[in-house]
Amino acid sequence: MMKTLSSGNCTLNVPAKNSYRMVVLGASRVGKSSIVSRFLNGRFEDQYTPTIEDFHRKVYNIHGDMYQLDILDTSGNHPFPAMRRLSILTGDVFILVFSLDSRESFDEVKRLQKQILEVKSCLKNKTKEAAELPMVICGNKNDHSELCRQVPAMEAELLVSGDENCAYFEVSAKKNTNVNEMFYVLFSMAKLPHEMSPALHHKISVQYGDAFHPRPFCMRRTKVAGAYGMVSPFARRPSVNSDLKYIKAKVLREGQARERDKCSIQ
């Protein structure tokens, strides 16, 4: 199955097996959108704008292979529990963000981690131990004074101890401290190309008038020694029906992969 990303002189088709979704969760005002902004365009926005739910898409050409990463920047208020559950079900990699100067936001991350494990276990034959979920616990605002800290590093690290698919980072979206390193480790845990990390690929900008004719991106579709990334300018959140189909297809692919593994072992 192939996903068509744009039309015109150049059509970008991404194999379904190379399409992933990153879900960013956490309480309000902890810096989720700032971290996403750093990931997408390397910028930090000083002005706070409450997020209801933002959807972004980044397309990569990595040594000639096409990849797609959808980014779901969720609301900290979670007014619609059913939508929160659907967002978790569709997620492949997760970033749980709290503020180092807010104990309440850390408690919310602990609740979210538990909810993710419970929800995703439904896709793994209801066995939590079978769920391998690449996840980063992210303590943001480490540029603030230690006097403001309400969450000790050792306490936060307990959330990831003993889980090779979970890591803890203290970052500053404002100062861009440890942000690139965090994404590198997250993609490594998910067995995704390292070049998907912000610092490891060339960024291609698409102007408004060129959005449906991304010729510079197409010119790099051959097998070349390089990695390129482009933020889709007109990304739209898929419908609920599309998300449900996505979940079904993903479960089917994972089941087929497990069967192949069993056959190879036997």
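A Cβ is built for glycine as well, from the same backbone N, Cα and C atoms used for every other residue.
Per Swiss-Prot, the range carrying the annotation motif 'Effector region' out of 48-56, 57-65, 75-83, 84-92 is 48-56.
Feature region 'Interaction with GNB1, GNB2 and GNB3', per Swiss-Prot, maps to range 189-235 of the set 95-141, 189-235. For the motif 'Effector region' (48-56), same-chain residues at least 6 beyond its ends with a Cβ under 8 Å from one of its own Cβ atoms are 28-29, 32-33, 36, 40, 70-76, 83, 87, 231-232, 235-237. Neighbour counts of Cβ atoms within 10 Å were compared for the binding-site residues Arg29, Lys32, and the top value is held by Lys32. Taken through DSSP, the motif 'Effector region' (48-56) splits into 0 helix, 4 strand, 5 coil. Here the binding-site residues are Thr74, Asn77, Asn142, and the one whose Cβ sees the fewest other Cβ atoms within 10 Å is Asn77.
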